[in-house]
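Okay, structure first, notes after.
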Amino acid sequence: MSIILGIETSCDETGVGIVSGSTVLANEVASSSLRHKPFGGVIPEIAARAHLEYLPNLLELALETAQLCIKDIDGIAVTAGPGLVTSLSVGVSAAKALGLSTGTPVYGVNHLVGHAVSAFLDDYTNDGLGVIHRRDSIGSNGIENDASSTHSHTHTTQVNRHSNLCVYTPPRRVLRDVCKYMHVRDSVVLLASGGHSCLLKIHNNKISLLGETLDDAAGEAFDKIARLMGLQYPGGPAIEMLASSGNPNAVEFPRALLTHFEEHNRYSFSFSGLKTAVGRVVERIKSNPAHSIPKIEDIAASFQEAVADVLTAKTVAAALASDVDLIVMGGGVAANNRIREMLCERAKIHGLDVKIPPIALCTDNGAMIAAAGSWLMQLGYNPSHSRFSPVSIMPLTQMVV
């Protein structure tokens, strides 16, 4: 079974993962989100500099976690697009350098394909075969904030004095010949993140686009509404926390393209109108704080409910029309518990199965890119040309460059 190294640097998260087939051997993630927080959004130059700082240490940590050396790697997968070109360039350059120096084939893969297939990775959180070790920000002198995922197993954590990072030490790895192949089932995939909101169809190992956002992505809407409310970046977790104590039925916000739409927009999304409607309510409260009805918690809950309603209703409708029995959800917005809950409830009514990756795999990470590379290698795709370049826009029809 081939062992694939995955590198992810499409936005503000740096990820290095290692998989063998569908088995996660390592997954190291660092985020520069704390550096962007004062600006209320991602600053491309800051993100790119953070990737340069994080990537060497994460590569070292991933190999150590997997108990491998670079010569054990059979293929390198790296996000080639879509994303911020300055950020993508860091990962692509690193992958090319590794590939050239070791003679290992390099696959420049589509970021969205990584999200789509991440749900088909084994449940490494329960079987001791892998790890998500997430560092929300790494400063030049060490860790600013460590948000590692929890595990049912007890393992040791030690400090690497050279990199000044925490290193997860797992149990001894299984041999590559007992790992399973990536088995990607026919399904409808909902991808929702800060940069993308789209519905995909996987059929016979091919991915096609059913619909996408016509304006703002769902995650982008969360960030913008959070900014209007005076909440911290990133907005998704902040709004979800606020919404937990609010009434989701307090305000009837619009659900664009949900009941009245043209046929070609049946599976498309639009969140700009919802964003405007929420903004008006927030501004009304700010202008008259003595009469703050509805409460800010109710606004957050009602906004979240509207987003969940649109995303899940269209996804279930697409699955029923596509004659598949499986729905997959990925992307950072898939970490929202209310959206996950509503999708599972609606799918169950129609007898549909739902696969959602562990929350740590919903956000950008290297394991999902390694998984995409593993899948594409299984399907017989050729490595990318040595001169390939990262691109900000990459159609789904182009799974590898």
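Using the three backbone atoms N, Cα and C, a Cβ is placed for every residue, glycine included.
Annotation source Swiss-Prot lists Fe cation binding site at His111, His115, Asp364. Feature annotation from Swiss-Prot assigns substrate binding site to Leu191, Ala192, Ser193, Gly194, Gly195, Asp223, Gly236, Asn336.
This view paints the features noted in Swiss-Prot onto the structure.
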residue	record	CB count, 10 Å
His111	Fe cation binding site	26
Leu191	substrate binding site	25
Ala192	substrate binding site	29
Ser193	substrate binding site	25
Gly194	substrate binding site	25
Gly195	substrate binding site	20
Asp223	substrate binding site	22
Gly236	substrate binding site	26
Asn336	substrate binding site	25
Asp364	Fe cation binding site	27
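In this structure, the C-alpha atom of Ala192 (substrate binding site) lies 10 angstrom from that of His115 (Fe cation binding site). Listed in sequence order, the residues Glu8, Ser10, Thr79, Leu112, Gly114, Ser193, Gly330, Gly331, Asn365, Met368, Ile369 complete the 8 Å Cβ shell around the Fe cation site centroid, once His111, His115, Asp364 themselves are left out. A separation of roughly 7 Å, to the nearest angstrom, links the Cα atoms of Leu191 (substrate binding site) and His115 (Fe cation binding site). The Cβ neighbour count for His115 (Fe cation binding site), using a 10 Å radius over every protein chain in view, is 33. Of the recorded residues, Asn336 (substrate binding site) and Asp364 (Fe cation binding site) place their C-alpha atoms 15 Å from one another.
Ranking the binding-site residues His111, His115, Asp364 by the distance of their Cα atoms from the Cα of Gly194 (substrate binding site) places Asp364 first. In this structure, Ala192 (substrate binding site) is part of a beta strand by DSSP. Each residue contributes its Cα atom, and for Asp223 (substrate binding site) and His111 (Fe cation binding site) those atoms are 21 Å apart.
Secondary structure at His115 (Fe cation binding site), taken from DSSP and collapsed to helix, strand or coil, is helix.
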